[in-house]
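Q: Structure below; questions to follow.
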Amino acid sequence: MSASSQSRPTTIACLLGPTASGKTAAALALAARRPIEIVSVDSALVYRDMDIGTAKPSRDERASVPHHLIDIIDPADAYSAAEFRADTLRLIGEIVARGRTPLLAGGTMLYYKALTQGLNDLPGADPEVRAALDADAARDGWPALHARLAQVDPDTAARLAPNDSQRIQRALEIFMLSGQPMSALLAAPRRTDDAAAAYRFVPVALEPSDRAVLHARIAQRFDAMLDAGFIDEVERLRRRDDLHPDLPSMRCVGYRQAWEFLDGDTDYRTMRDKGIFATRQLCKRQITWLRAMPERIVVDCIAPDSTARALDALERVLDGRTPD
């Protein structure tokens, strides 16, 4: 046996929660007490020039504690769960080697699942296949492609809305490249490796005891983003020749709705309402993912002392005062 297989895994604290649950405040509170470096678990924060609509940590916040996996790619590019897993495992090793403590923080549960449970053996993105599907959608509409998906992968089609362009495209792409439905590939055993075996990931979950309070926070935060110049931010991105609404970056919550408004497809009030609704739907999905983790340590994110509670939970994890 190798020395690494005999040694006790290094515990990694993971601060997870839906949007507007107070993750940044809790992470910064921990940074004030311990030499941590924050590794973002957020699929929107990877993009440069998308600051307001992603609620990216401020320049001062990022100066007070090292942050990783923020502003690492251009909005015209894509970033996969596989890339996140490889980057995060590398960063954890580097942070530990520096004698500091990594803290994973974010709300992209697909990334967290890929990190901790491994990856499904799905084919990578193929630009030619995607271009062909985009052309079909432009001609026939996404509901027609949804109907096509229902013929080859009824299980996946049944859980997707007819206009969910990103997921419909990906499911059809997988079938065209592999000859197998995505649902069957996802049901297959995950591809595992020893890369994550050196670590024990412990999730601290910020969850609301009353969703109405979190929904009010979401509305307040979206309005604050609008006041801070979110529409201008999207307009600057829109003026680029290489961006369009079907890119993963522009599908981020809020950006799609702002793009529709700038295209003249909706009025301002409708854009605001749709942006808030989309954020609430994202929050609902994030909470569903969290509640499927029986090992998580739950902190009520709407409690008056939620930051202190989260800080205490994180310190208990890092001090080894949690059950194995």
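Cβ coordinates come from backbone N, Cα and C, glycine included.
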Q: Swiss-Prot lists region 'Interaction with substrate tRNA' for one of the ranges 100-107, 204-211, 284-291, 300-307; which is that range?
A: 284-291
Q: If we skip the immediate neighbours and take only residues 6+ beyond the ends of the region 'Interaction with substrate tRNA' (42-45), which ones have a Cβ under 8 Å from one of its Cβ atoms?
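A: For the region 'Interaction with substrate tRNA' (42-45), the nonlocal Cβ contacts are 53-54, 56, 69-71, 79, 84, 106-108, 110-111, 248-249, 252-253.
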Q: Please give the sequence-distant neighbours of the region 'Interaction with substrate tRNA' (284-291): residues at least 6 beyond its ends with Cβ less than 8 Å from one of its Cβ atoms.
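A: Same-chain contacts beyond the ends: 16-19, 107, 109, 113, 203, 205, 207-208, 211.
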Q: Report, as a single number, how many Cβ atoms besides its own are within 10 Å of the Cβ of Thr19 (ATP binding site).
A: 21
Q: Does anything in the same chain, at least 6 positions from Lys23 (ATP binding site), have a Cβ under 8 Å from its Cβ, and if so what?
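A: Correct list: Leu15, Leu16, Gly17, Ala105, Gly106, Gly107, Leu206.
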Q: Do you know the DSSP helix, strand and coil residue counts for the region 'Interaction with substrate tRNA' (42-45)?
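A: For the region 'Interaction with substrate tRNA' (42-45), the helix, strand and coil counts are 0 helix, 0 strand, 4 coil.
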